[in-house]
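J.: The following feature annotations were taken from TrEMBL:
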- B:7-16: compositional bias 'Basic and acidic residues' (COMPBIAS)
- B:90-303: domain 'ABC transmembrane type-1' (DOMAIN)
- B:1-24: region 'Disordered' (REGION)
- B:31-60: transmembrane segment (TRANSMEM)
- B:96-116: transmembrane segment (TRANSMEM)
- B:128-148: transmembrane segment (TRANSMEM)
- B:175-199: transmembrane segment (TRANSMEM)
- B:220-239: transmembrane segment (TRANSMEM)
- B:282-305: transmembrane segment (TRANSMEM)
Amino acid sequence: MTTATSPAVRPTGERRRIGSLVWHVGAILVLAVVLYPVIWVLGASFKPSKDIIASLDLLPGEPVWANFSGLADGISGISITSFFSNSLMYAGLAVVGVVLSSSLTAYAFAKIRFAGRNLLFTLMIGTLLLPYHVLLIPQYVLFRNLGYIDTLVPLVAGKFLATEAFFVFLMVQFMRGLPRELDEAAKLDGCGHLRTYWSIVLPLSRPAIITSAIFTFINAWNDFMGPLIYLNTPSKYTVSLGLMMFRDQEGISNYGSMIAMSLVALVPVIAFFMAFQRYLIDGMATSGLKG
Amino acid sequence: MTLVKEAPARPAEKRSAAPAAGRRGRRRENLAGYLFMSPWIAGFLLLTAGPMIASLYYAFTSYNLFTPPRWVGLDNFTTMFQDPRWQKSVQVTLKYVVVATPLKLLLALGVALLLAQKRRGQALYRAAFYMPSLIGASVSVGFVWRALFSDDAVVDRTQKIFGLDVGGWIGNPDYVLYSLVALSIWQFGAPMVIFLAGLKQVPQELYEAAEMDGAGPFRRFWNITLPMISPVLFFNVLLESIHAFQVFGSAYVVSDTRCGPADATLVYTCYLYQKGFKEAQMGFASAMAWTLVVAVALVTAVLFWSQKKWVHYEEAAK
C-alpha cells in the first residue's frame, strides 16, 4: 500500500523519487477515470447530434455551436430560462430556509439550557436515520389537502422548518465548539439570547453556515424526486424536470441540445464546488454529510 | 453518527447555571429554548411525526387519494409479499446494495490511502475525486451515463476491443444494473474523505515502532491501519448501505422512467414511486415504505451488533 516505504536497500533519495513517481501515476489514473465523464460531456456538447453517441473521440472534430443555440428554442414552447429561474428560486428559498431555521434550532441546542433538551436532541438525531420514503406519501397527501400541489411550498416548507437534521447537527457541533466565555460575556453585558445569537454566535458560525448553505443549494439544484412528485405544469418545472422533457421527446435530432443543457445545468454546481470545495470537503469529513 | 467528539460539558456551564436567578430564570431559559427551536418542533410534528403515524395507518388501508382510506388489515402486506414485481424489486435492490457498496468503499479506501501520503498536488486530487459525489445526483449525469453506456457508445466499443461484445449496457437487462453500480462507485469521493479524516488520526509512532520491528507494508496495514480506522469503516459501511437501499434517481433516469428493460433496474423506491404516484395505491406504497424502514432498521441493528466483533475503539482497549 505505502509505496513510499518499500523495503528496499536503495539509497533513500532514489527510493523516494520512484515512490513519488508511482504515486503520481496511480493518482493520475484514478483522476482520468473520475474526470472522464465530465470532460466527455464538455466535448459532446460541441459535437453534432449524430456524433454524440457514435464517436469515440473525447473532443469534437470540428466544434459546433448548434447544440447551444438550439437551447434558445426551448422545449415544447417553454424557454430554458424558465427552468433555470424556477430552479434558482427553489434553491434560493431552500438556502434561506435552512440557514435561518437550522441556525436558530442549533443555537437552542448548543447554547440554551432548557428542560427536555437532551430528549429532543436524540429525537432530532433519530430523524437522520429515517428513510425519507416513509414520509413521502403522507406529506404528499398533506400538501395536496392544503392545495399546495404544483407550487414550491411542499419543496421548501421542510427547509424553513429545520427538517434537514444534518444541517442542524452540523451547526450544533460547530456552536458547541465556540468558546463559552464569549456568550457569557454577552450575557453579563445584558444581551438576551436573540442578541447573542444574532451578533455573536451567528457571525462566528460562518464556516458551518456556508457549508450548510452550499450543500443546500446543490441538493436543491440536483433534487429530482421532489419536483417530479410535486410539480405538474411544465412552466413551473425545475432544470431536472426540464431535462427529462428533453429526454422523453427522445428525438435524436435534439440529442445535442439535451447534452448541452446537461452541461449548462452542471455549471452552477461545479462553480459552487470550485469556489467552496475546502468548506464542503471539511464539512463532509466532520459530519458524514451526503452530497 | 459523528466523527467529531462531543465537547465535554465544561465546568463553567454548571457554575453559571446554578445561581441564575432560580426558578424564574430557569423558566425564562425554557421559554427561550422552545421559542428558538419552534421551527424544528413545528417541522417535526407536521412533517415527520405526523406523517409517520399517517403512513402507518395508510399501510393498513386501501387508499387512492380520491375516496377516504378504507381499513383492510394486513391485505397490503400479503399482496405485497406475493407480488412478483415486488419480489423482483427486492432482488434488484439487494443486488445493488451488495455489489455497489463494497466496491465503492474499497475504491474509497484505496484512494484515501494513496492521498494520505504527503505529496505535491494532494489537495487538488482530493478535490477532484470528491466532485462526483456532489454532481452525481444530477439528472445531467444520468444522461451522460446513458450516453456512455448505450449501444455502440464508448463503453460498448471499449469492450469490443477486448473481444467482449454484450452490446450497450442500458438496453441489456443483464447488464443495465451494473451501469447504476458504476455510477455509484464513481461517487466514491464522499466516503474517501471520511476515510482520509480517519487515517489522519492514526498515530505515526505506531508505524515507526512497527517498522523497527520489521513489519512490512501489508502487515502494517492489516495490524495498524485497519484496526485504527475501523470506527470510520463502520460509519461508512452504515451510511453507504442505508443510502444504497434508497437509490432512486439514477434508476429512473439512467435506465428509463419505467425502471429498466424487463424491470432490470426496478429498485425498491422506483416500485414504490410507481405504486404510489402512478397507480395511486397509497396504502400499498405505505406498506412498502414501512417494510423498507424495517429492513433498514434491521441492517442498522445487525451492523451495530457486528461492530463488537470488528470495530476497535480506543476506550475499550484501555
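Counting begins at 1 with the first residue displayed.
A Cβ is built for glycine as well, from the same backbone N, Cα and C atoms used for every other residue.
How buried are the listed features, and what sits near them?
T.: For the transmembrane segment (B:31-60), same-chain residues at least 6 beyond its ends with a Cβ under 8 Å from one of its own Cβ atoms are 69, 71-74, 76-77, 282-283, 286-287, 289-290.
Non-local neighbours of the transmembrane segment (B:96-116) in the same chain are 122, 125-126, 129, 177-178, 180-181, 184-185, 187-193, 195-196, 199-200, 221, 225, 233, 236-237, 240-241, 244-245, 247, 267; each lies 6+ residues outside the stretch with a CB under 8 Å from one of its CB atoms.
For the transmembrane segment (B:128-148), the list of distant contacts is 111, 115, 154-155, 170, 179, 182-183, 186-190, 192-193, 249-250, 253-254: same-chain residues at least six beyond its ends, Cβ to Cβ under 8 Å.
Only residues 6 or more beyond the boundaries of the transmembrane segment (B:175-199), in the same chain, are considered here, and those with a CB under 8 A from a CB of the stretch are 3, 92, 95-96, 99-100, 103-105, 107-109, 111-113, 115-116, 126, 129-133, 136, 141-142, 145, 149, 166, 169, 225, 228-229, 231-233, 235-236, 239-240, 244, 247, 250-251, 254-255, 260-261, 264-265.
For the transmembrane segment (B:220-239), the list of distant contacts is 1, 3, 101, 105, 108-109, 113, 191, 194-195, 197-199, 201-202, 206-207, 210-211, 300, 303, 307, 310-313: same-chain residues at least six beyond its ends, Cβ to Cβ under 8 Å.
Same-chain residues lying 6+ beyond the ends of the transmembrane segment (B:282-305) with a Cβ under 8 Å from its Cβ atoms: 55-56, 58-65, 69, 72, 76-77, 79-80, 86, 234, 237-238, 241-242, 245-246, 268-269, 271-272, 275-276.
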